[in-house]
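> From TrEMBL, for reference:
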{"type": "DOMAIN", "residues": "46-167", "note": "domain 'C-type lectin'"}
{"type": "DISULFID", "residues": "171-183", "note": "disulfide bond"}
{"type": "DISULFID", "residues": "178-196", "note": "disulfide bond"}
{"type": "DISULFID", "residues": "190-205", "note": "disulfide bond"}
{"type": "DOMAIN", "residues": "205-318", "note": "domain 'CUB'"}
């Protein structure tokens, strides 16, 4: 009976193995019909993730914010293939180092742990560290640099400016990715309904008078100097280069006072992530607004009673003229002036200027 039981057990294994092979073959066939993942324009697909390297050096905190405004996170590196892929990506763009989303964390007075930018904990001593690292005396934030053909981790001061790479999970090519990372069907984009909770599915819909511009300057209007239509509802979303600030000049405004209104928002790609910068209505000869970062939204609504000529506005993405690596200044025995960018005009919001003053020994 024991032998009989043993034979039965072997038979079952063989039977399972046969059907296991059949199941694998079936999966191979059906894989042809699986959805293909894709990334938005300007992003690169690797596995199930989308990556984008920005041609701008930022401090660690600004890098985290820049990725967040794209509905992404600064890259997390947990395996060697990803580490090497990102290192090659930075090198191919002529960057020698770049931030990752890891920062040393102080627990019970000891820097023995670290956290990713999303709050996930990580052992400070795990990773692909260069010789002598991690060294807390050099800073709290982690960056990757190339050493002898290897991409290795180091700690540095978070105020240094380095390249930034953002990432998010890809959607299939039949879907649209909302800013909050939710994937919805392409058929639900620009349907006049806010299917994404953050309204990002209705940003770039020219047929609905929702326009999206990703460039450094431009002009917007509702057909000025012609009269705008009754019951108009238009929106313009502007995205400038990372690290810039959007500045818009309304050269003329002529609307039904107190009813037909222009609303200017800043600091986000969709209304949900933006703050109101100002409102214009009636007759205004000239007015300027400045966003807190590289995003601005302009909305215009009118009723069906009185139509006028509307408005005309010009916008530009203003960037600091200082080097990403800091403004180098030499000191001697005489006094020298140190002024902020654009002085005596107002400085730009959310700008980080580094002044490096050296003197003879």
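Cβ coordinates come from backbone N, Cα and C, glycine included.
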> Could you break down the residues of the domain 'CUB' (205-318) into DSSP helix, strand and coil, giving a count for each?
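DSSP classes over the domain 'CUB' (205-318) add up to 6 helix, 62 strand, 46 coil.
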> Within its own chain, what residues at least 6 apart in sequence put their Cβ under 8 Å from the Cβ of residue 205 (disulfide bond), listed in sequence order?
189, 190
> When the pLDDT values for the domain 'CUB' (205-318) are averaged, what is the result?
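Over the domain 'CUB' (205-318), the predicted model scores a mean pLDDT of 95.
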> Give me the DSSP three-state residue breakdown of the domain 'C-type lectin' (46-167), ordered helix, strand, coil.
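DSSP composition of the domain 'C-type lectin' (46-167): 25 helix, 55 strand, 42 coil.
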> DSSP secondary structure for residue 171 (disulfide bond), reduced to helix/strand/coil, please.
strand
